[in-house]
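Engineer: Take a look at what Swiss-Prot says about it:
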| type | residues | note |
| --- | --- | --- |
| BINDING | G11, A12, A13, G14, Q15, I16, G17, N105, Q112, V129, G130, N131 | NAD(+) binding site |
| BINDING | R92, R98, N131, R162 | substrate binding site |
| ACT_SITE | H187 | active site, proton acceptor |
Amino acid sequence: MGKTVKVAVTGAAGQIGYSLLFRIASGQMFGTDTAVEIQMLELEAAIPAAKGVIMELEDCAFPLLQKVTVSSDLDIAFKDINWALLVGSVPRKAGMERGDLLKINGGIFINQGKAIEKNAASDVRVLVVGNPCNTNCLIAMNNAKGIPSDRWFAMTKLDENRAKSQLASKAGVPVKEVTHLGIWGNHSSTQYPDFYNAKISGKPVTDVISDHEWLKGDFIKNVQQRGAEIIKARGASSAASAANGVVDTVRAIITPTASGDAFSAAIASDGSYGTEKGLIFGFPLKSDGKKVGIVQGLPFNDFAKEKFKTTHDELISERNEVKDML
């Protein structure tokens with residue numbers, strides 16, 4: 001067996017946490033030769049529920065799970081961790097705008113950023129899942145300036161998976177045939193799922209799917225609004241699919257990307273594609289297993305440029321609303 005990875009999961013007793021923890025403990029995130037220690041962070045009121053989840057984890061007798069703890073103390077939960085999965089945030093309810101959440105969540109992510117910088121291992125990497133995840137990530141990162149900016153990620157993999165599923169269904173092919181599907185910008189209803197640069201069975205999507213009006217209309221709208229649709233149908237936000245997105249993101253970061261493919265996550269922009277430097281912006285990415293880089297040189301037509309600008313403008317606006325927290 002290889003090394004042991006220490007993982008902090010915030011909001012661990014919540015619905016996403018509940019779906020996620022068992023997949024981490026079973027080896028689906030870090031692989032079957034890597035032992036894991038899970039350090040759960042929860043609000044004091046949720047500690048009893050978290051202890052129930054710990055009992056269930058113990059009862060699974062996962063060979064890779066070395067230890068699992070829960071605390072409401074940031075310093076304890078983030079001690080010596082290699083990965084921080086920041087799942088917990090004040091949840092979005094039906095009818096609530098994302099803007100309402102910015103200030104509410106800002107204080108949470110200021111404190112978490114500071115505590116991660118103070119307590120985590122020197123190689124720590126952070127994935128923010130709790131919404132609004134791009135700006136929550138921006139706040140945490142700017143309050144942990146001792147941690148290199150290339151260690152911070154916000155999740156857009158769920159959007160990528162949603163988009164792949166829609167394209168596969170429309171084309172009548174298995175979802176694995178859809179590759180190089182980038183999500184640009186914000187994990188919000190302005191995100192741009194880039195079908196122009198994606199492939200189905202190695203061919204451009206626009207060659208395989210002849211209904212270009214669907215691609216430019218319902219496809220994008222379906223991906224952008226999917227989270228809201230699930231809240232409407234289920235009475236609660238995406239949980240198992242979000243947890244799956246977390247597993248997929250971490251695996252994509254730590255595993256070399258297949259030739260000709262890419263994966264989606266939001267990272268601190270280096271100015272690529274004219275984005276404002278330092279914004280947490282969604283890009284198509286490649287990994288060599290250690291370092292992650294932005295896929296360069298992708299073409300944009302006028303339609304794509306307009307979609308790109310809309311999501312970029314929204315992220316600038318979100319950043320401006322939380323400037324005093326950065």
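Backbone N, Cα and C atoms are what each Cβ position is placed from, and that goes for glycine too.
Looking at the shown structure, what environment does each listed feature sit in?
Structural biologist: In this structure, Q15 (NAD(+) binding site) is part of a helix by DSSP.
According to DSSP, N131 (substrate binding site) sits in a coil region rather than a helix or strand.
For H187 (active site, proton acceptor), the number of other Cβ atoms no farther than 10 Å from its own Cβ, over all displayed protein chains, is 30.
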Engineer: Let me know the most crowded of the binding-site residues, choosing from Q15, N131 and counting other Cβ atoms within 10 Å.
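Structural biologist: Top count of Cβ atoms within 10 Å goes to N131.
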Engineer: Using Cβ-Cβ distances, find the residues under 8 Å from R162 (substrate binding site) that belong to the same chain and are at least 6 apart in sequence, listing them in sequence order.
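Structural biologist: Same-chain residues close to R162 (substrate binding site) (Cβ under 8 Å, separated by 6 or more) are P193, N222, V223, R226, S241.
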Engineer: Any idea what the Cα distance is from Q112 (NAD(+) binding site) over to H187 (active site, proton acceptor), rounded to a whole Å?
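Structural biologist: Spelling it out, the Cα of Q112 (NAD(+) binding site) and the Cα of H187 (active site, proton acceptor) are 20 Å apart.
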